[in-house]
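Going by TrEMBL, these are the annotated features:
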REGION    1-48  region 'Disordered'
TRANSMEM  54-74  transmembrane segment
DOMAIN    56-557  domain 'Amino acid permease/ SLC12A'
TRANSMEM  86-113  transmembrane segment
TRANSMEM  134-161  transmembrane segment
TRANSMEM  181-203  transmembrane segment
TRANSMEM  210-232  transmembrane segment
TRANSMEM  286-306  transmembrane segment
TRANSMEM  327-350  transmembrane segment
TRANSMEM  370-395  transmembrane segment
TRANSMEM  416-433  transmembrane segment
TRANSMEM  439-464  transmembrane segment
TRANSMEM  476-498  transmembrane segment
TRANSMEM  504-526  transmembrane segment
DOMAIN    569-656  domain 'SLC12A transporter C-terminal'
REGION    850-887  region 'Disordered'
COMPBIAS  850-860  compositional bias 'Low complexity'
COMPBIAS  864-873  compositional bias 'Basic and acidic residues'
COMPBIAS  874-884  compositional bias 'Acidic residues'
Amino acid sequence: MTERTPLLHYRLSTSVNESEQRSPPAGQVPERHPGSPRQRSTHQRQQPKKLSTFFGVVIPTLLSMFSVVVFLRIGFVVGQSGLYQAIAMFLVAYFIICMTVLSVCAISTNGALDAGGAYYMISRALGPEFGGSIGIMFFLANVCGSALYVLGLVEAIVGTFGVPEDGTGATSPYQVLPSGYWWSLLYGTAVALLCLLVCLVGAHIYAKATFIIFLVVMFVLGTIFVSFFAVWPHTIILPRSATHNPAVNGTGPVVPTTANFTGFKLDTLLGNLWADYTVDYTTETMMTFATVFAVMFNGCTGIMAGSNMSGDLKSPSSSIPRGTITAVIFTFIIYNLLSVLVACSCDRILLQRDYGFLRDINIWHPFVTIGVYSSTLSAAMSNLIGASRILYALARDDLFGKVLSPAKKTSQSGNPWVSVLISWFLVQLVLFSGKLNTIASIVTIFFLLVYAAVDLACLALEWASAPNFRPTFRYFTWHTCVLGIVGCAVMMFLINAIYASASIAFMLLLLLLIHYLSPTSSWGYISQALIFHQVRKYLLMLDVRKDHVKFWRPQVLLMVSNPRSSVGLITFINDIKKSGLYVLGHVQLGDLNTLPSDPLQSQYDSWLSLVDHLNIKSFVNLTLADSVRHGVQHLLFISGLGGMRPNTLVLGFYDNCLPKDKLVDPSMSTSQSTDPSGLSQELEQQAPLFHFAPLRRAIDRQDYGEIGDGKVLGSQEYVAIIADAMKMLKNVVLARYFNNFDRTQVLSPPSSFPGKGAVYVDVWPVNLLRPDSCSYVDTCSLFLLQLACILNMVRAWKKATLRLFLCVEEGRSVRGSEEKLGQLLKELRIKARIYPVPWDQQVALHWQRQGKWGKKQQSQTPDTIKEETMPRPDEEEEENDEDYVNSFPSNTVRLSDDYLSAVNKLILDQARPPPAVRFLYLPRPPADTHRYATYLHQLELLTRDLGPTLLIHGVTPVITTDL
């Protein structure tokens, strides 16, 4: 009678914790890191695969799924829910685990598995984040599971051989052991030490005993079946705890003290067909379908034992599916047969009030006790061994850095003895809690979460459509994976919704921790395959024919010669992309015919490291060409896919500014650190990661600014690149004076500056190279306004103030022009301050030049006219009236240096306080290629000493007032 007390722990605990943590057979070396193939090959030579399907898969899985459930839970399930609902519960439970079995079989036949069980499968399929978080939970579940079985074994021993605590005296001559909390803790410590010794000597001891334990369990199970036919009907005295009346003052219904084993009778079967939920005498709580189902489901777990043995199987691809499915089918048949036999031969009182009745009806009572002891001890050692193997696998993968590094140590035979000691120590700590009903529910939920993760891993591999995912086991689809995930999730919340939510939150916390702290692994990330699959699908759906101006966004191709001097520009352009495509382009001069291999392949890592270092959202596109111009053409033609192609080309300005290396010079860094010494050390450590060419030292007139790769780029080719982009209907942006641009300093100006720390962005939407036209409503002006507005929408620039400068001449209505521009800004939903700027003096300089040009044209030869009209007399260009007519704008060559310098001074005079960046109108290059140098010279004079400036030319409508 006293043997029934441990049922509470067996029933509410995970009786059959995963045998995927079970120790491998004799001589198996623990998991070797993927980076040590020599060790694996050496081990394979020393210990060849030799286990068959029966010994390697069927036996471990059967032992894991049976455990004590078959001895102590069958009567509980049938007695509370009836035969019909019991069979229905088994059907539902086995449907759930069969969905997971299919996923396990698929993953395990897609490649060789190493130690670690489910952790290994999940981590190699879903990546280290999921694998590490599930691995930790799996480890903790096995530790708690081992403690659960130790305590269960202790209570079974005390129940049989212990003296009752209530002082009623021993009812059997075998009850000689003292009982109590501390005595139970002592017995549990002794059992745990026994398990520790077995694990320290080696897993092969348990592996050799596995078959013997299997024979014992099968023999006891056989005696149970025989007992239903061989034992005569008789009356059984119910345990004392089951006959206690919980009613207050002794009132309430009379609880029977005896029950009957009737043998096979139709009346007994009819009385057990339907549900009759009552109070559980061990917990004194009312049972329901959900609670009974949750208890019964614990006996259906342990399905991944075979997959953990793949390294020692003769044919893993066939043994794991066949062995696992065979074990699942066998246990399903046994559970249902026992349910039918119990329902036909035991009355309802016996099933509800004596969960250990199988011992009382057995042909020899100690048989069931032996079965309980052997299966429980086996499960305790199995979980301890499994926990140590998972911890060792986690340590070898370095997911938690130095925290788990001691767990890597192994003995000469390969036994991870440090991991065993750590696992045993944690088991000993759990033993102090004494009663683990609450922890048992959490452990069950942890295992269900692992099952769901395995299904998720298989689902992700299937949805990713990766060519290398071709398991030999093909009897699964993504539907079975989804059903497995849903089934596990439902079971988790059915057992305990609070614990299920907490376990998921704990897993997500571990996932984030590993994601941010662990180093990059070489296992491959399924997320990358899934992202590729989805991006390809959506890119095909992104139809360029459905583009609309309302949804336009900048998609930028920024040409970078050497990132060392372009950090400021790269970070600034990242702010104006507005969630659009951003591509860093680079041209390396060369001819592939003369090179042994592609020189660009080795450079991608440095560029991607730069993207990570600057924390920008950008792609990298490199090309090899015979000239910078052809390289830019290549990138404009081929960058992007489908509807995601660059529509805006950004170039650094062609000038003689000396570049500075921001990846080395602390004062030029974009880092927000305020410690110069620490920053310098950090940059010195990070600099070797970027294998970019050193910056040029000599400065000459041939220098090319931001474009190229250390080769000469002339002004002619530079302007030709601008013209090519406009012919291809690409917007063009020229960026000047961004060599010293520091985003952090610009957005946090000292309060002592004029304007009390305010940040300004100046916009000049008028073509300053066309003083005869002051229109600000053309396509280019609106594009300029749009980019300025986009910059102001970025979170870091939201506090910046847009200042819009309206150039007006004498005789025109200033108020009228200002109101008209204000109305336009209101319609465009752009918030900016308008500042009218008189520029009569500057325009007068222009027309004065035009008058002189007209008079001289009548009295001088064309060659003389040419010399007078050229602002750079040191350059000799052959031109005539026909060339002049073809140029654009028509008055480009007639702009004097005086006029441009005056306009430049005008811009500088309006900058009080100075802006963070200026947006200026960029005119089209002249059609005559001979005037490219003049065009570039005019832009240089216009923007001289203005600070960070963008010269912008738009070719397509990008803004609308429509809804």
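Cβ coordinates come from backbone N, Cα and C, glycine included.
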Message: Looking only at the domain 'SLC12A transporter C-terminal' (569-656), how are its residues distributed among DSSP helix, strand and coil?
response: 35 helix, 22 strand, 31 coil
Statement: Spatial neighbours of the transmembrane segment (439-464) not adjacent in sequence (6+ beyond its ends, CB under 8 Å) are 9, 12-14, 17-18, 97, 99-100, 102-104, 106-107, 110, 118, 121-122, 125-126, 130, 134, 137-138, 140-141, 144-145, 148, 294, 297-298, 301, 304, 430, 433, 476-478, 481-482, 484-485, 488-489, 491-492, 495-496, 499-500, 502-504, 507, 526, 529-530, 532-533
Message: At a C-beta cut-off of under 8 Å, are there same-chain residues at least 6 beyond the transmembrane segment (210-232) that contact it? List them, or none.
response: 25, 55, 59-60, 62-63, 66, 70-71, 261, 263-264, 334, 337-338, 341, 345, 358, 361-364, 367-368, 370-371, 374-375, 378
Message: Same chain only, please: residues at least 6 beyond the ends of the transmembrane segment (416-433) with a C-beta under 8 Å from a C-beta of the stretch. Say none if there are none.
response: 30, 139, 142-144, 146-147, 150-151, 185, 188-189, 192, 195-196, 199-200, 384-385, 387-389, 391-392, 395, 406-410, 439
Task: Report, as numbers and ranges, every residue of the chain located at least six residues beyond the transmembrane segment (86-113) whose Cβ falls under 8 Å of a Cβ in that stretch; write 'none' if there are none.
output: 77-78, 120-121, 125, 292-293, 296-297, 300-301, 303-304, 306-308, 310-311, 316-317, 320-321, 324-325, 328, 332, 335-336, 339, 343, 451, 454-455, 457-459, 461, 469-476, 480-481, 483-484, 487-488, 491
- prompt: Do any residues of this chain, six or more beyond the ends of the transmembrane segment (504-526), have a C-beta under 8 angstroms from a C-beta of it, and if so which?
  reply: 34-35, 123-130, 132-134, 136-137, 397-401, 449, 457, 460-461, 464
- prompt: Can you name the far-off residues of the same chain, 6+ from the ends of the transmembrane segment (476-498), with a Cβ under 8 Å from a Cβ of it?
  reply: 95-96, 99-100, 102-103, 105-106, 290, 293-294, 297, 441-442, 444-445, 448-449, 451-452, 454-456, 458-459, 462-463
